Amino acid sequence: MPEGKFCNRKPVNTEEDLKALLGDKGGAQYYKEMEELEVDQEALWANIEKTCQSRTKTWLEICAHCGMCADSCFLYRVNDRDPKQVPAYKIQSTLGEIIRRKGKVDTQFMLHAMEVAWSQCTCCNRCGQYCPHGIDMGVMFSYLRGLLYSQGFVPWELKIGSGMHRVYGAQMDVTTEDWVETCEWMAEEQQEEWPGLEIPVDVENADIMYVLNAREPKHYPEDVAEAAILFHIAGENWTVPSEGWEQTSLAMFAGDWAACKMQVERVYAAIERLKPKCVVGTECGHAHRASAIEGPYWAGYEDGKTPAPWLHYVEWVAMALRTGKIKIDPEKRIKEPVTLQDSCNYIRNHGLAKCTREIMSYIADDFREMTPNREHNYCCGGGGGFNGIGKFRKQRNKALQTKRDQILATGAKLVVAPCHNCWDAIRDLEEEYRIGIRWSFLKPLIIKMAIIPEHLRPEEE
């Protein structure tokens, strides 16, 4: 079968097609069609010839098969050190083989490659940190995902996710009207406790333009309110854009590079329109990577810089605490043992470990590091889209064991997880293994312990 009704090589560009795909519960028909989806070998090889640059070719050639990447991979470790889980083997037996065969691979090969690309690697790039040749396995697996996506071999949930970005400009069906109404609603809800609090929309020349994850207005609107409360306490001159507010990119997980470009260009257009002094992104790892690290290159910015200076939320919080914009009541600091999850995308891959430790020094009396930690920490177990793929849930749950054991070794009762994927993985970890922990973003914790300036307190009756 050349292409199916649901599983095909075409991106999802219309609301009608998106709703039809969503109606295929669990991707039942989608995956059935995938088993018969023919590989367009000529198009695959033409794609490789056009996009596979010297760096990727060199990495594939210089791998010495030394095995240094093996123990660095948490999936290798939790799968009984199966040699087929060694990162070098995983990439050589998939991407390397596609290139060696000049694209002449069949459906069964692509089905296998899809499973490896999305259930045996989260693109955390911990292995790349230990490679003596500096091979960036995360980049190579991302490239493999792009090739698979172009041929229609992509998990159902991620085909939907990239379609959401194409159709709605967000990873979920949140329209501009929905978003602006959520901002108004959340501001109104806070008036009694936080008089004067606003969520300003489309204010030009603000000091901060805040962007976030579509899950927040869709499922966790209180997160939008919490961000507003902390900006309010800090006295920030800030705004959100009515368009270009969504900074995440499920398209990046899917390997839909055209949708990645579309998504980040919406955010950058908002920056150009509103001209803020800087941008602050929410507590999300992959969103930061998509908008602040990879984004400039997708959007054609050759210098690799965003249109305005960009801060991850942990950078802004650390600055606000350091400068006294937000002050912590010592009596309200976290007293119980607490540990911290390091998001791969902004700790290992963007060097922000000092910011998160600085924050913990202000808010925790008994902070306990995981072992290993900082840039050496392990992936939460659900990154790179792994959390959301039902087909690979069994493998994902097994992958959570490494993080489970790290947390247990600290004796912590609370895990601070300033990243949506990490937050989800640790929530699921507790549901699966029942180890008796709680987990939290930074925002609600800091609000509970912040000293509220007198002029921001509600008048006593």
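Easy rule for this one: first residue shown is 1, then count along the chain.
Just so it is clear, glycine is given a Cβ too, placed from its N, Cα and C backbone atoms.
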What does Swiss-Prot list, out of Cys127, Cys183, Cys260, as binding the same [4Fe-4S] cluster 1 as Cys63, Cys66, Cys69? Cys127
Quick check: of Cys73, Cys131, which does Swiss-Prot put in the same [4Fe-4S] cluster 2 site as Cys121, Cys123, Cys124? Cys73
Rounded to the nearest angstrom, how far is the Cα of Cys124 ([4Fe-4S] cluster 2 binding site) from the Cα of Cys69 ([4Fe-4S] cluster 1 binding site)? 12
Rank the binding-site residues Cys66, Cys123 by the number of other Cβ atoms within 10 Å of each Cβ, and give the residue at the low end. Cys66
Separation of alpha carbons, Cys66 ([4Fe-4S] cluster 1 binding site) and Cys123 ([4Fe-4S] cluster 2 binding site) (Å): 20
When you rank Cys73, Cys121, Cys124 by Cα distance to Cys66 ([4Fe-4S] cluster 1 binding site), which of the binding-site residues ends up on top as the closest? Cys73
Measuring Cα to Cα, how far is Cys124 ([4Fe-4S] cluster 2 binding site) from Cys63 ([4Fe-4S] cluster 1 binding site) in Å? 19
Relative to the Cβ position of Cys69 ([4Fe-4S] cluster 1 binding site), how many further Cβ atoms are located within 10 Å? 25
Can you check which residues sit near Cys121 ([4Fe-4S] cluster 2 binding site), meaning Cβ under 8 Å from its Cβ, same chain, 6 or more apart in sequence, and list them in order? Leu75, Pro87, Lys90, Met137, Gly138, Phe141, Gly384
